[in-house]
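Engineer: Reproduced below are the annotations present in TrEMBL:
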BINDING   42, 87, 238  Mg(2+) 3 binding site
BINDING   42, 56, 87  Mg(2+) 4 binding site
BINDING   57, 58, 135  Mg(2+) 1 binding site
BINDING   58, 87  Mg(2+) 2 binding site
BINDING   65, 291, 344  substrate binding site
BINDING   117, 134, 135, 161, 240  ATP binding site
BINDING   241  Mg(2+) 5 binding site
DOMAIN    40-152  domain 'PurM-like N-terminal'
Ligand code: ADP
Ligand code: MG
């Protein structure tokens with residue numbers, strides 16, 4: 001349903017590698033003072049200005065991490081950047097530069113790669129990061145994209161995964177589970193389309209979910225908010241695999257346990273209604289859905305007053321001693337259920353089997 005309908009098809013070979021790179025990067029401007037040299041030389045040159053430098057990278061493979069039949073290229077470019085920026089913000093740092101490396105098979109014309117780069121450019125503009133380099137090569141099959149993000153932060157503010165303390169509060173940003181449900185909706189529509197290409201899907205009830213899947217936003221704002229509130233989290237991670245598995249990472253690396261309260265999990269109304277429609281448990285979706293790109297962090301109890309009432313932040317539980325384990329305290333019954341790191345792959349398998 002979201003097939004590439006670009007009428008023009010320009011063979012990439014006609015541009016040559018240098019032609020392609022300069023064509024793709026021509027509209028990118030340098031926004032950061034820390035970028036001394038961007039695209040165009042053997043290396044980019046950065047000036048960290050006394051701050052610590054943070055580096056993170058991700059490799060995305062067609063058919064494994066994305067599917068072009070319902071992921072428009074522009075969205076893919078945007079999302080590939082978001083996934084990396086989210087990792088920088090998860091360290092309580094500011095993202096400032098990215099590099100993009102791509103491998104393309106000859107089935108991709110120039111117009112398709114332009115689409116990809118228009119999404120990358122939108123992300124750079126919106127998040128104030130500079131594209132400072134990359135690599136371009138061919139692949140025998142499919143598209144590969146590797147993004148590296150670079151960030152900067154004061155040493156004292158960098159927040160690791162292994163420093164949560166017993167009795168700290170566990171806080172999550174935004175809401176959970178929507179990206180996973182967006183994927184489910186798109187999968188269903190794709191199957192309907194394959195049976196009847198004339199069927200026009202009515203996706204109004206799922207706009208938020210689809211947007212969360214196709215155009216996630218990394219939480220740059222949270223790094224600012226925490227800074228303004230003068231809160232330095234005691235530990236932090238971003239939610240790519242799902243709340244459950246990220247909480248387990250924080251706990252295991254910090255050698256603490258936790259209690260998460262089911263009735264505190266922030267859910268959008270579209271998540272609740274779509275879970276009912278798909279006969280899914282909204283708590284399971286929130287815990288294991290993944291791809292939300294929200295931040296999960298712990299704070300000292302003494303910082304609670306500073307974050308209280310902030311609409312972006314929800315306290316969902318607290319850290320305990322390691323021996324108490326990692327538990328979900330259920331709604332109503334108040335039972336304690338051990339958290340499991342299901343991740344959204346497990347959810348997916350269960351769904352496609354049935
Ligand atoms: P080298 O041969 O030294 O690796 P390249 O010809 O690959 O240099 O790259 C030339 C310049 O273009 C470098 O600054 C490189 O970082 C940048 N570059 C190459 N590919 C890309 C890309 N896909 N996106 C953005 N910049 C790129
Ligand atoms: Mg190169």
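Positions of Cβ are set from backbone N, Cα and C atoms, glycine also.
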Engineer: Helix, strand, coil residue numbers for the domain 'PurM-like N-terminal' (40-152) per DSSP?
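Structural biologist: So the domain 'PurM-like N-terminal' (40-152) is made up of 35 helix, 43 strand, 35 coil.
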Engineer: Work out the three-state DSSP category of residue 238 (Mg(2+) 3 binding site).
Structural biologist: strand
Engineer: Pop the Cα-Cα gap between residue 238 (Mg(2+) 3 binding site) and residue 161 (ATP binding site) into the table, whole Å please.
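Structural biologist: One finds 10 Å between the Cα atoms of these residues.
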Engineer: Which number gives the other C-beta atoms within 10 angstroms of the C-beta of residue 161 (ATP binding site), all protein chains shown included?
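Structural biologist: For residue 161 (ATP binding site), the 10 Å Cβ neighbour count is 19.
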Engineer: Looking at the binding-site residues 42, 56, 87, 291, whose Cα is closest in space to that of residue 135 (Mg(2+) 1 binding site)?
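Structural biologist: The smallest Cα gap between residue 135 (Mg(2+) 1 binding site) and any of the binding-site residues is with 42.
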Engineer: So which binding-site residues are near residue 291 (substrate binding site), with CA atoms within 10 Å, out of 56, 58, 87, 134?
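Structural biologist: Candidates kept after distance check: none.
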Engineer: Would you find the one among the binding-site residues 58, 238 whose Cβ has the most company, meaning other Cβ atoms within 10 Å?
Structural biologist: 238
Engineer: Kindly point out which of the binding-site residues 42, 57, 135, 240, 291 have a C-beta less than 6 Å from some atom of ligand 2.
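Structural biologist: 135, by Cβ distance under 6 Å.
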Engineer: Take the C-alpha atoms of residue 87 (Mg(2+) 3 binding site) and residue 56 (Mg(2+) 4 binding site) and report the distance between them in angstrom, rounded.
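Structural biologist: Answer for this pair: 7 Å between alpha carbons.
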Engineer: Among 134, 135, 241, 291, the binding-site residues in the record, which have a C-beta under 6 A from ligand 1?
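Structural biologist: With ligand 1 as the reference and 6 Å as the Cβ limit, the list reads 134, 135.
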Engineer: Restricting attention to the domain 'PurM-like N-terminal' (40-152), give the mean pLDDT.
Structural biologist: 96
